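Asker: Below you will find the structure I want to go over with you.
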Amino acid sequence: MNELKMNGPEESTALKKVPSKSLLLAVCAAGIGGTFQYGYNISIINAPTKAVQNFINQTWTERYNTEISTQVLTLLWSTIVSIFTLGGLVGASVGGTLAIRFGRKGTLLFNNTFALLAALFMGLSYPSGTFELLIIGRFLTGVNAGIGICVQALYIGEIAPRALRGAMAMGTSIFITGGILTGQVIGLNELLGKEEYWPILLSTICIPAIIQLLTLPWFPESPRYLLIDRGDDVACKKALMWFHGPDKYHGEKEDIERERVSAIGIKPKKPWELFTDTSLRWQLLTLFIIHTSQQLNGINAIYFYADYVFTQAGIPADKIPYATVGTGACECITALTCGLLIESLGRRALIIGGYSLMSVCCICFTIALTFQESSPWVPYLSMICVFAFILSFGLGPGGVTNILTTELFTQTDRPAAYMIGGSINWIAFFFIGMIFPFIVNGLKQYCFLVFLVICCLVATYIFFVVPETKNKTFLEIQREFRSRKKLIAANGTEGPLLSTPM
């Protein structure tokens, strides 16, 4: 009898750590038209580079009876690629506002309009002989990605139970890496990577949008949004029962109710209002650091050097795209692994460990690239460093950053926080795209020493400042940051948040 009594709570706890089928399907429906589009649009633009440039040259010649200059061609191609980040910045800037006005689910559904229009414009660019449509299409895909990253994370973070919030929120990273991998595979010559197929390849972004339009309407709106923002207790209860079952939703309802009481009389804040709220100073500083470093930690440099490393390792040029697919698969598998580990190890262990391992990889990769031709085994060490860096990124910052953005803020602050974090991320993305060629040309392989410093600084900051958020309510996390502020005010010094174990 005693053994049965002991096993009962353990079995109940185990069941709480297994998401319901409804929750998993909701994450998939939100992710396929959300962050999957972001990853997919990043990767598919690489395959048709030469084909699109030939199309621009041909169109220019037909219009002006002269060949386009190399400088103008480079400018137009760079615009087609980089305007995606400008669209992403616009999308991130309006995503939170749309999520407040139309709801999380409503905004995700509306967001597919941009993807469908982008697919139409890019698909018509070739038959109409108008390369300007590619620029418009890429801008709209950026808007779609910017809104999707912001609102999908909001939706998943708010429908997930507290005990599974980290694992469920990993859906954001899993779908990003899944989109990158899918784009790499679709862009192979055996599929849509041939020159004549590039308009079809760029138009395939309509497929995830259509899938989401067909599936997401069957799922409820975020229960937190329904109760706290809309004040609809009946709809909130129905949504919770749908996601968690009629016997398991009461604990989540109590958490949401406590947060609703604390938010009475407080309207959802605008981004600029967060900056004037001194109680959110540490959360905002953390938001700035983790989102900036996600782009400036060297992952872009790793992908830049990957082809060179594969070539030096003896991989034939026509087989390098398959090796690149391997890096995408590596990142995707790592995101899945992070989703399995995050509730047992916690956020701090993964993100600090990720940045620490990336620091080690930066040192090893710098040494390997410096002595690349000194021994036949060194190129293989470089290959190991490439995959090790990608694994470390996926386990740490790649997976945990968006989860922390959800957990560091309460309901009234969260949409504005996602707008700020998303904007920072897209600006840093654009910034690294602009300066990265100069860093590489100036420092060569020693550019990884710059990324080494960034990774070390971020790991140190998180160790001393950011508390563990695993299995805590949003209000409990907020109280931890406020207790830090009171401690600083009382002592006149700043100390680490050591009240929570790693």
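Here the Cβ of each residue, glycine as well, is placed from N, Cα and C on the backbone.
Just so you know, TrEMBL annotations are computer predictions that nobody has curated.
The following feature annotations were taken from TrEMBL:
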- 21-40: transmembrane segment (TRANSMEM)
- 27-470: domain 'Major facilitator superfamily (MFS) profile' (DOMAIN)
- 75-100: transmembrane segment (TRANSMEM)
- 107-127: transmembrane segment (TRANSMEM)
- 133-155: transmembrane segment (TRANSMEM)
- 167-186: transmembrane segment (TRANSMEM)
- 198-219: transmembrane segment (TRANSMEM)
- 349-371: transmembrane segment (TRANSMEM)
- 377-404: transmembrane segment (TRANSMEM)
- 416-440: transmembrane segment (TRANSMEM)
- 446-466: transmembrane segment (TRANSMEM)
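Let's see these features in context: how buried, what's close, how far.
Answerer: Residues 19, 23, 27-28, 30-32, 34-44, 47, 149, 152-153, 156-157, 159-161, 192-193, 201, 204, 321, 324-325, 328-329, 331-332, 334-336, 338-340, 342-343, 394, 398-399, 402-403, 406 of the same chain sit 6 or more residues outside the transmembrane segment (167-186) yet have a Cβ under 8 Å from a Cβ within it.
Counting only same-chain residues 6+ beyond the ends of the transmembrane segment (198-219), those with a CB under 8 A from a CB of the stretch are 22, 25-26, 28-30, 32-34, 36-37, 40-41, 44-45, 47-48, 51-52, 55, 105, 108-109, 112, 115-116, 118-120, 122-123, 125-127, 134, 137, 141, 144, 186-187, 192, 242.
Counting residues 6+ beyond its ends, the transmembrane segment (349-371) has Cβ neighbours under 8 Å at 290, 293, 297-298, 302, 305, 338, 341-342, 378-379, 381-382, 385-386, 388-389, 391-401, 404, 444-446, 448-449, 451-452, 455-456, 458-459, 462-463, 502 in the same chain.
Proximity of distant same-chain residues to the transmembrane segment (416-440), defined by a Cβ-Cβ separation under 8 Å and at least 6 residues beyond the stretch ends, is recorded for 82, 85-86, 88-89, 91-97, 99, 146, 149-151, 153-154, 268-271, 273-274, 283-284, 287-288, 291-292, 294-296, 300-301, 304, 405, 408-409, 447, 450.
Outside the transmembrane segment (446-466), and at least 6 residues removed from its termini, the chain residues within Cβ reach (under 8 Å) are 282, 285-286, 289-290, 293, 296-298, 301, 347-348, 351-352, 355-356, 358-359, 362-363, 365-366, 369, 397, 404, 439-440, 496-497.
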Asker: Would you say the transmembrane segment (21-40) and the transmembrane segment (107-127) are touching, if the rule is that at least three C-beta pairs must lie under 8 angstroms and be 6 or more residues apart?
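Answerer: Counting Cβ pairs under 8 Å, at least 3, so yes.
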Asker: With a Cβ cut-off under 8 Å, give me the same-chain residues at least six positions beyond the ends of the transmembrane segment (21-40) that come close to it.
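Answerer: Counting only partners 6 or more residues beyond its ends, the transmembrane segment (21-40) has Cβ contacts under 8 Å with 88, 105, 108, 111-112, 115, 141, 144-145, 148-149, 151-153, 155-156, 159-161, 164, 168, 171-183, 205, 208-209, 211-213, 215-216, 218-219, 242-244.
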Asker: Along the domain 'Major facilitator superfamily (MFS) profile' (27-470), what average pLDDT does this model show?
Answerer: 88
